[in-house]
Amino acid sequence: MAWGHRATVCLVLLGVGLGLVIVVLAAVLSPRQASCGPGAFTRAAVAADSKICSDIGRAILQQRGSPVDAAIAALVCTGVVNPQSMGLGGGVVFTIYNASTGKVEIINARETVPASYDQGLLNQCKNVLPLGTGAQWIGVPGELRGYAEAHRRHGRLPWAQLFQPTIALLREGFRVPFILSQFLNNSILRPHLSASTLRQLFFNGTETLRSQDPFPWPALANTLETVAKEGAEVLYTGRLGRMLVEDIAKQGSLLTVQDLAAFQPEVVEPLEMPLGNYTLYSPPPPAGGAILSFILNVLKGFNFSAETVARPGGEVNMYHHLVETLKFAVGQRWRLWDPSSHPGIQNISRDLLREDLAQRIRQQIDGRGDHHQLSHYNLTGVRGNRMGTSHVSVLGEDGSAVAATSTINTPFGAMVYSPRTGILLNNELLDLCWRHMPTSPITPPPVPGERPPSSMVPSILVNKGQGSKLVIGGAGGELIISAVAQTIMNKLWLGFDLTEAIASPILHVNSKGHVEYEPKFNQEVQKGLQDRGQIQSQSQRPVFLNAVQAVFQEGPCVYAASDLRKAGKASGY
């Protein structure tokens, strides 16, 4: 009996001891989980604009893939889940940070002007905006060669492995996602879709597909399988390219197999700008990094913080300075011409990062928003209202990071479909419509091989001293730069958590210098800005389509957030 009692006591003590060991080990092996707070990850994360694509990117990382591998896999997925935004018929810009070397590079695979194009193209701009449907607007797709170049330089897993999750998604009974159904049934888009070759993909008889309807897309599944097995060249110099060109020629396209074969992505150095304790790395023209850098460079001189904004009138004062800075920024968009086709632009765009220019702009900002004519800001008054695009942010276990923005331009691009390849074509040449130099009444014609200007700003901010990193970018056409700039301000200057920084309603300044407010934007701030002479746009856009995806690393903690405006959800571990 005594022996049995002693044995029981020993077993209890052994159990308690083992429990303590487990607790201690858990505390030693995973101290970060407790200190980082709920919702944080401790190793890596992916933020795409849908949960399923974020999960696919995370799975690639867990299979020991590189951040570039994860970004490619998530982008391939997004081309299926949100085909209105991006796909193989579009273009992509990567900003890539290598933690082992500390180097950042840009891979620009944005679409180019084909060798032959409609010579009267730019004369059509006023009549086709904002959508720009039709084969005459198609640029040479660069998406897939962009993936191939990024994978060649930074990939770790086999190429085919990056496509398998999305192929399985298509083969196993894919259904229409909610966000796609919203676009398909949009009152503006629906008539154009019905009249286009996309009708065969997105309509069931006379009705558009609804959320959770079966969505068979065998042509794209076949294309992805072929690309997975044979590589990107099958689209650029092989049979898929020939099929694509033949399909869209029937719809008026002038794109040729020679255009596809000639396309090459560019690998260039990023724009680099100090921002407090961070360094901002962003893509140079024709992408929009120079404009984003200009905005933040001007605003950082006003030293806005949570404390200054909390003072009476502080929030209105910050947004007033933001609005005035955005007016100047919109007036500088002409600097985003492609420097490869217009060499004189390169230095002009880099001037936007100069501190003396930022200081001069600050001195021109006073307490009123109605003291100056449009010419003071170089504003043209030409309204754009462009929208579209998708973004993925990735942080790997070693601290390497990728920000990748991809697009077919406006929703559903040119609304031109290749039924044999399953590819939707871009309408990227529409972006040439706002290539205007305020000092000249003449806009030079497009140059074959030229990349149109873009608002895409896949960016990485690095604070090496504190081990912090913000990987960020967005979608929403002309709203991208406004949304990304305000998210960075919210996070780094005002101390918002990442989800709140992204979710906060934004404002935007159009080319008339008028302010557009996202629904639910603070009414008191709106009133305060009006009292300062800021003019609210009378033609409010029907919907704000801005969507930011970001990953933030702070020491051992990793936070990731995808924009709920597009029903996004990040994933990590």
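Cβ coordinates are placed from backbone N, Cα and C, and glycine is handled just like the others.
As the structure is a computational prediction, the values presented were derived from the model and not from experiment.
Annotation comment: Swiss-Prot describes T389 as active site, nucleophile. What Swiss-Prot records for R110, T407, E428, S454, S455 is L-glutamate binding site. The annotation N-linked glycosylation site is assigned in Swiss-Prot to N98, N185, N204, N277, N303, N347, N378 on the grounds of sequence analysis. Feature annotation from Swiss-Prot assigns topological domain 'Cytoplasmic' to 1-8; the stated evidence is experimental evidence. Marked as topological domain 'Extracellular' by Swiss-Prot on the basis of experimental evidence: 30-573. Summarising the annotation, Swiss-Prot assigns transmembrane segment to 9-29 and lists experimental evidence as the type of evidence.
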Three-class DSSP secondary structure - T407 (L-glutamate binding site):
strand
For the recorded L-glutamate site, enumerate neighbouring residues of the same chain (Cβ within 8 Å of the Cβ centroid of R110, T407, E428, S454, S455, site residues themselves excluded), in sequence order.
G91, V93, E111, P286, A287, T389, T405, N409, D431, P452, P453, M456
For S454 (L-glutamate binding site), what residues in its own chain, 6 or more apart in sequence, show a Cβ-Cβ distance under 8 Å?
V93, R110, P286, A287, G288, L336, T407, D431
Would you count the other CB atoms within 10 A of the CB of N98 (N-linked glycosylation site), including those on all shown protein chains?
18
Taking only the glycosylation sites N277, N303, N378, which one has a CA atom nearest to the CA atom of N185 (N-linked glycosylation site)?
N378
Measure from the Cα of N277 (N-linked glycosylation site) to the Cα of every one of the recorded positions T389, E428, S455, then give the nearest.
S455
Restricting to the topological domain 'Extracellular' (30-573), what is the model's mean pLDDT?
94
I'm trying to understand the geometry here, so how far is the Cα atom of S455 (L-glutamate binding site) from the Cα atom of the residue listed as 'active site, nucleophile', in Å to the nearest whole number?
10
On a simple 10 Å Cβ count over all chains shown, which one of the recorded positions N185, N303, T389 is most densely packed?
T389
Indicate whether N98 (N-linked glycosylation site) is helix, strand or coil by DSSP.
strand
